[in-house]
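Copied over from TrEMBL, here are the features:
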{"type": "COMPBIAS", "residues": "A:7-16", "note": "compositional bias 'Low complexity'"}
{"type": "DOMAIN", "residues": "A:99-348", "note": "domain 'ABC transmembrane type-1'"}
{"type": "REGION", "residues": "A:1-21", "note": "region 'Disordered'"}
{"type": "TRANSMEM", "residues": "A:30-57", "note": "transmembrane segment"}
{"type": "TRANSMEM", "residues": "A:103-125", "note": "transmembrane segment"}
{"type": "TRANSMEM", "residues": "A:137-159", "note": "transmembrane segment"}
{"type": "TRANSMEM", "residues": "A:221-243", "note": "transmembrane segment"}
{"type": "TRANSMEM", "residues": "A:275-295", "note": "transmembrane segment"}
{"type": "TRANSMEM", "residues": "A:327-347", "note": "transmembrane segment"}
Amino acid sequence: MATETLTAVATAPGAGPRRRRGGVRGNENLAGWLFVTPVIVILGLFLLLPILMALWVSLTDWNGQGSPFTGDVPFVGAHNYTQLFTEDGLARRDFMTSIRNNIYYVAIVVPAQTVLALGLALVVNNRMLKGKSFFRSAFYFPSVTSSVAISVVFLFLFANSGAVNALLGLLGIDGPEWFADSRGVLHLLLGAIGVDTPPAALTDGGPFGLTWWDWLAGPSVAMISIITLVVWTTSGTFMLMFLAGLQNVPVTLDEASTLDGASRWQRFRHVTLPMIRPTTFLVLTLGMIGSWQVFDQVYVMSQGDPAKTTLTPAYLSYRTAFRDFDYGSGAAISFVLFLIIIVLTLIQRRALAERDTGRPRRGRRRRRVPERS
Amino acid sequence: MAVPTDRPAATPTRGDQRAARTLATRFLGYATLVFFGLVFLYPFVIQIGTALKTESDAAANPLSPFPDPLTLAGFERIFAGTNFPLWLGNSLLVTVLVTLGRVFFDSLAGYALARLRFAGRGGLFAAVIAVMAVPGVVLLIPKFLVLNQLGIYNSYAGLVVPLLADAAGVFIMKQFFESIPVSVEEAARIDGASIFRTFWSVVLPMAKPALITLTILSFQGSWNEFPHSLVSVQDPDLFTLPRGLADLVSGSLGSGTQYPLKLGAALLATIPVAIIFVMFQRYFVRDANDGSDKG
């Protein structure tokens, strides 16, 4: 790149060129604000202001008629929030169901996509294989396509007479009616070992208006198809992150441990894995942040059905506001979800900051140099 | 290579063992690659095949990529029986405007945050970082509220204006501008060029790689954008492609599953991004991780 010639020029005019005269500085102050004004206006008007407006609406019972900012709209205080947690009723049952669904979703999606992404990265990073860049692109391609378009494809793949069931048929398995099947996977497993009727202790009660039996249902069969889609689309992105991490592992270290007689598993477990720990943490936290936001796929594939087993907080907030015209409750659900995601983001950023200060960055960069032949 | 990979072989048997192991590793590696290559690409192959099938063929042979008989009926119905051309037009308009807006506004702000010294710069940058953490899905109701209040709900303005700038783009541009040496700009400024002129004709031309990255990201982002179009318009004449597709699937088609039509429409919506992906792949990769793009 041209930067090297530019640095050569840079040293020419003498030391300390950054200090300029006051007139120019004043000029810069004005120009700086002019330059950032469009972004401030757009983000302020369509991001910060709306959040404040929604905060207000979440304290009211606005039904979508007229403006929510007049005296006519009933103010209900924290009621929209308390009904999600403390009052027995449909609102709390739906909300807790969506939380349950999303917890199972996260519990499967995050480990699955992380393991798959790491596995793919290890294979693609193998120095002995050819044609890797083609496969790397193939694995990454689903990540850049439209979530709606790809959901349409998976609707067909998981249809009753679709490709997945045809494939299962080849193996002699009678596939389920994916999007009509609300049975929980854990319930199915228990059924398989003979526990068909839930023990009374589990159906009598449980936290937040759902019985223990309901909490322990596991993801429904329908949710499994959405989980499959999401793991399939996101693994490519995380594979690229792992690849970047793997390229920081010095080849010489790997070779040294081979000469010391370490087996492949030992090398992976004691050399590679510790070296890419920061990347793994990044992938895990980004995965968690992302999987609390699942919306498009639910909207296109299941709309929360069957029997509310694919309902997620994001979709529930949309449905409550725009289908049931209960904007207050919908906004309250959004803010609870917001809180969950912000907490996850803060954890991630703290860990990233520790990573960046904990290790000398220069040293890590330089390790790549010996790869040159 | 500087590193000797083979020591003088100790015994022939050990060398044989090693060769066998290498061969096994290679075979396993390729097997894994091909298997996952199929897992990741075969759905697209089925999609293309099914878009060219008759409805009964699609239902009877869901795994086969070969249409029998081959028919363009699905595509004909996309253009004759749905609003697809309209959605395509809307998507193009929105994508072009949003991409232009983001590239221009994000570079302006990125440049100011990287180079210009003005009061409040540090605070502004912290705000940009904070805004990047705001998840899009919690903005569904808030966005609707503000569009409604401003009277641009259900209009092209509502579809486009809120997307004209994004914090991540500002961040990318700021990082890039900081990486280019300041001296050229200073020379221009000393020669009496205004700040905007320096930015426009000296700095921007040097920022080409970052501008391409931002253009591609903005194009892909706004072409695929779904939640925003869901809460900013309800008039079917204003639907973009993802919104129209979602509408097709949720049953606006009437009778039958019509999978060839739906998959064909989804395919047409995927093609532009696919072309850009193939052409500018290294810029996509750059986005996911900084500069580790090696063969």
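The count begins at 1 with the first shown residue.
The backbone N, Cα and C atoms fix where each Cβ goes, glycine too.
Long-range Cβ contacts of the transmembrane segment (A:137-159) within its own chain (Cβ-Cβ under 8 Å, at least 6 residues beyond either end) map to 120, 124, 165, 178-179, 225, 228-229, 232-237, 239-240, 296-297, 300-301. In this chain, the transmembrane segment (A:103-125) touches the transmembrane segment (A:275-295); three or more CB pairs sit within less than 8 A of each other, excluding pairs fewer than 6 residues apart. The stretch in A:30-57, A:221-243, A:327-347 that contributes the largest number of Cβ pairs under 8 Å to the transmembrane segment (A:103-125) is A:221-243. Within the chain, the transmembrane segment (A:327-347) has long-range Cβ neighbours (under 8 A, six or more residues past its boundaries) at 54-55, 57-64, 68, 76, 80-81, 83-84, 91, 95, 285, 288-289, 292-293, 313-314, 316-321.
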